[in-house]
Amino acid sequence: MTHKTDAIYAAPLQKMIDFQFDERVVAVFPDMIQRSVPGYGMIISNIGIVAAKYAQAGSHCYDLGCSLGAVSLAMRQRITQPDCDIIAVDNSPAMIARGRELLALDTAPTVPVTMICADLQEVAIENASVVVLNFTLQFIPPAERLALLERIHAGLRPGGVLILSEKIAFGEPGRQQFHEELHHDFKRANGYSDLEISQKRSALEKVLIPETLACHHERLQAAGFSFSELWFQCFNFASLVAMK
């Protein structure tokens, strides 16, 4: 299955609308995410490794905000515990439809994967050993994030983990500027124009709300996790593991 090149913001837009995961984005998503998020491929592959370590026999693994299912496929390829399954959730019908097509191409279906089109805030989390929020929490209204993490913590087995990847913010203006400028340089190096960078930033401004690492660690502790550890960071993108 071929994927198109992202050119959604290549031409000047008459009217800027908030970013959404519609059919246009789905068609170019693999290209968009690889060219926009530094270290994305490494994050995906290592989520598979972490999931393999902490998946427990007879449990569920959740991929919340699964988009096209890259995390689910990475977990599926690594998990060896018996009677595990993966529940992948996204609220975009277009994402789920394309994700199911990609899932069907996987030639080694060792772990069952169920892709569900639903609001992840309304999906029951139960008997879980691994839960992944890979660049998902940042799209949840900040006031609702703690409640979601509390539900995840409650649904995890003892010894289970939450893997949380996010675009992050920095409290000091100098550090914020440092990381933002390098991220923009990364996107330019991957072929995005200044117009594309500017227009996408405007489209995401009210939709994607990043927070500091300290904020994430504090919220995870408040949700009941015993500890959280930063395992990956490249510029203003990071991933943490939180242990129950």
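Here the Cβ of each residue, glycine as well, is placed from N, Cα and C on the backbone.
Annotated S-adenosyl-L-methionine binding site per Swiss-Prot: Y40, G65, C66, S67, D90, N91, D119, L120, N134, R201, in sequence order, evidence recorded as sequence analysis. Within 10 Å of the C-beta atom of D90 (S-adenosyl-L-methionine binding site) sit 24 other C-beta atoms, taking all shown protein chains into account.
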Query raised in the report: Over all shown protein chains, what is the count of other CB atoms within 10 A of the CB belonging to N134 (S-adenosyl-L-methionine binding site)?
Result: 23
Report task. Enumerate same-chain residues with a sequence separation of six or more from D119 (S-adenosyl-L-methionine binding site) and a Cβ-Cβ distance below 8 A; give 'none' if the list is empty. Result -> N91
Query raised in the report: Three-state secondary structure of Y40 (S-adenosyl-L-methionine binding site) from DSSP?
Result: helix
